[in-house]
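As written in TrEMBL, here are the features:
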- 487-539: coiled coil (COILED)
- 557-574: compositional bias 'Basic and acidic residues' (COMPBIAS)
- 575-585: compositional bias 'Acidic residues' (COMPBIAS)
- 599-634: compositional bias 'Basic and acidic residues' (COMPBIAS)
- 354-468: domain 'Cyclic nucleotide-binding' (DOMAIN)
- 557-634: region 'Disordered' (REGION)
- 40-60: transmembrane segment (TRANSMEM)
- 178-202: transmembrane segment (TRANSMEM)
- 222-238: transmembrane segment (TRANSMEM)
- 250-271: transmembrane segment (TRANSMEM)
Amino acid sequence: MNKNGEEEENKEQEPKEKKKDETTTLKWKEWIIDPSEEFYYTWLQIMILPICYNWVIIIFRTCFYAIEEKFVATWLTLDYICDLFYVLDTVIGFRTAFLEQGILVRDLSLLKKRYMRSSRFKWDIASLLPTDLLYLNLGIHTPLVRVNRFLRTGRMNEALDRMETRTSYPNTFRVAKLMLYIFVLIHWNACVYFSLSNYIGFGADPWVYPNISDPDFAATRRQYFYCFWFSTLILTTVGDTPPPEREEEYLFLVADMLIAVLVFASVVGSMGDVISSLRDRDNVFFPNHELVKGYLRSRRISKELQKRVNDWYQHLHINKKITRENEILQHLPTTLQTAIAVSVHLPTLSKVTIFQNCETSLLEQLVLKLTPQVYSPGEYVCKKGDVGHEMYIIKEGKLAVVADDGVTQFAVLGEGNFFGEISILNIKGNKSGNRRTANIRSIGYSDLFSLSKEDLTETLLEYPAAKRLLEEKGHQILTKMGMLEETDEREGEVEKTEDKVKRLEASLEALQTKLARLIAELESTARKMMQRVEQLELQTEGWEGIVAEGAQGEIEEQKKVKEREIGDGKGEGEGEKEDEEETVVEGERGEGDGGEESLGEKEKNAGGNEKSEKEKEETGEEQIKTETKDQKRD
C-alpha cells in the first residue's frame, strides 16, 4: 500500500513539474522587452561597463606590455565576461519591441526582421566576430586583435542620452560626459606616446620617456602616470614640454596640437552652452532683474523702494522661489499639467473649509487656477474695505491681522491657513458686501497661493451641485460670524414674483416690437408690389395695336388657304384676274345659260363670307385683349 501510494504521489508530481516547465518555456518564448520600461534602461547602464573596459584596457595592454604579461589570466577572464555581455545584448536586441504608429509591436517575428535589417545588427555582429582566434598565430600577448569590440560604442551613446533625459541635473551630466571623453582621449594619447618612446628608444632624447633602467622610471605605475601627465600638457596646450628632435616626434606633436585645438573648442563650446542654458533657465524661472533695475534708475525711483525690489529678487534667487509656474509648464500636455499641479497643490487646497467634501475633479480644475505670490516683510496682502476679488492660501511664512494703525496685532496666520474665501462666492445677504473686513500684513517673506473670483465662477459653471454646496457652506460661515442679514421668506417670495412679472413684461415688450416690425415689413412689400404692377401696365400699353395687326395677318392667310381649297373642288380650270379689287373665278362650264345667276350667287356668298370673317376678326381681337389683361394682372 505504501509503495502504491508513493507511486501515485510521484505520478501526481510529474505532471505538475511538466506544467511548470511548460509555463517557463512559454514565458521565455513570449518574453518581450519594452524600451520604455526600467529593465531596458538598467541594461543600457550595465552595457556602459564592458564598452568602456574595451576602450580603455585594450590600448593600455597593447602599449604597456609589462601589464599585459603580468596579469594575462585576469585580462582574458575580463575579456570573455565582456563578450558574454555583448552576446546577451544581441539577444535583447532580437526581443526589444518598437513603436509603429504609436502602438507597441510585440510580434517576435517582426522584431527579428526589424533588428536584422537595421544597421545596428551589422555592427553588433561585427563586434562579436571571433578575432581572438588570431592568438594562435600572433600569440596570446596581442590584445589588439580584439579591436573590433570598439564597434559597440553606439550602445553606450544611447545609454548616455537616456541618462541625460532622466537626470535632474542635465547640465552637470553634460559636463561629466565631456570630461569622460577627454579622459579617454588623453589616455589613448598617453599610450601612443609610450609606444612611440619604445619605438624610438627610452631615454634617446629629452622628449621621449626616460630610460626604464632607471629605478625611478622602471615601475609600471610611474610609466603610466608620466605618460598621462605628458599627454595632458600637450592636449591642453599648456606647453612646458621638451622640444622634439626627430621627425616622428614632430609628426606626433603636430597631430596632438590639431587634436588639442578641437578639444579646446569643444570644451569651450560645451561650457558656453551649459552657461547659456543656466541663464535661460534663470530667465524662465525668475523675472529679469537687470531690466527692472534699469527701469527704476531711469524713472528715478527712491532708494528705499529700489532696496525693497532688490531684496525681493534676492529672496527669490536664494530660496529658489518660482513665481511663473504656469509659463514653465505650458509646454506640457494638459493631463501632465493637471497631474503635477495636483501633486504639488492639492493638499494645500483641500485644507480650505469650503472646498472640503467637494468633487475631486472640481479640485483638480481649481488647482490649475492657483497662482503663486510672494510678499515682502511689512507688505499688506489686503486692507480693510477693499473689494475682494481673490482668496489666499498660506503656503509658507506668517501673516498678521493688524488694526488700522498697522501695529496692533489681533491674530497671526501661519502655514496652511486661508482667508478671503467668502468674498469670491457672491453670497446674498452678506453685510460686508464682498469687502475685506481686516488688514492683513506679511511679517516676513510669505509665499501665498491666490484663487481669483473669475476663475472660480468659470469653473463652477460646470459643477452646479458643487456651487450650491459652496453657497450653503458660505451661508453657514456667515451665520456663525453674524455677517448674514436675516430676511423673511415672504419677502423673498414677493421678490421672486416681482422678478417673474418683470421678466414677463420684458418678454411681452420684445414680442410687441417684433410684431410691429413684421407689420411694417409687410406694408412696405405690398407697396413695392403695387408700384411694380403699375410700371408693368405702363410698359404694356402700346402692345395692343401690335397684337391686333398680327392677328389680322393670320386671319387673311387662313382665308386664302380656304379659297384655294374651295376652288380646287368646284372647277377644273384655273382662274383669271379680271379686276384689281375683286377676283372672279370662272369655270369652263359657266359660259352657257345661267352664267349671270351663278355669278350673282357667288357674289352673295362672297359677301356672306366677308361678314363672317369680320366677326371672326372682332372675336379674335376681344380674346387677345382679355389675354393681355390677364397677363397684366399676373
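Positions of Cβ are set from backbone N, Cα and C atoms, glycine also.
TrEMBL annotations: computationally assigned, not manually curated.
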Mean of the pLDDT scores, which run from 0 to 100, over the coiled coil (487-539): 81
Outside the transmembrane segment (222-238), six or more residues from its ends: residues with CB under 8 Å to it: 60, 64, 66, 182, 185-187, 189-191, 193-194, 197, 209-210, 212, 216, 253, 256-257, 259-261, 263-264
Helix, strand and coil counts within the domain 'Cyclic nucleotide-binding' (354-468) (DSSP): 26 helix, 40 strand, 49 coil
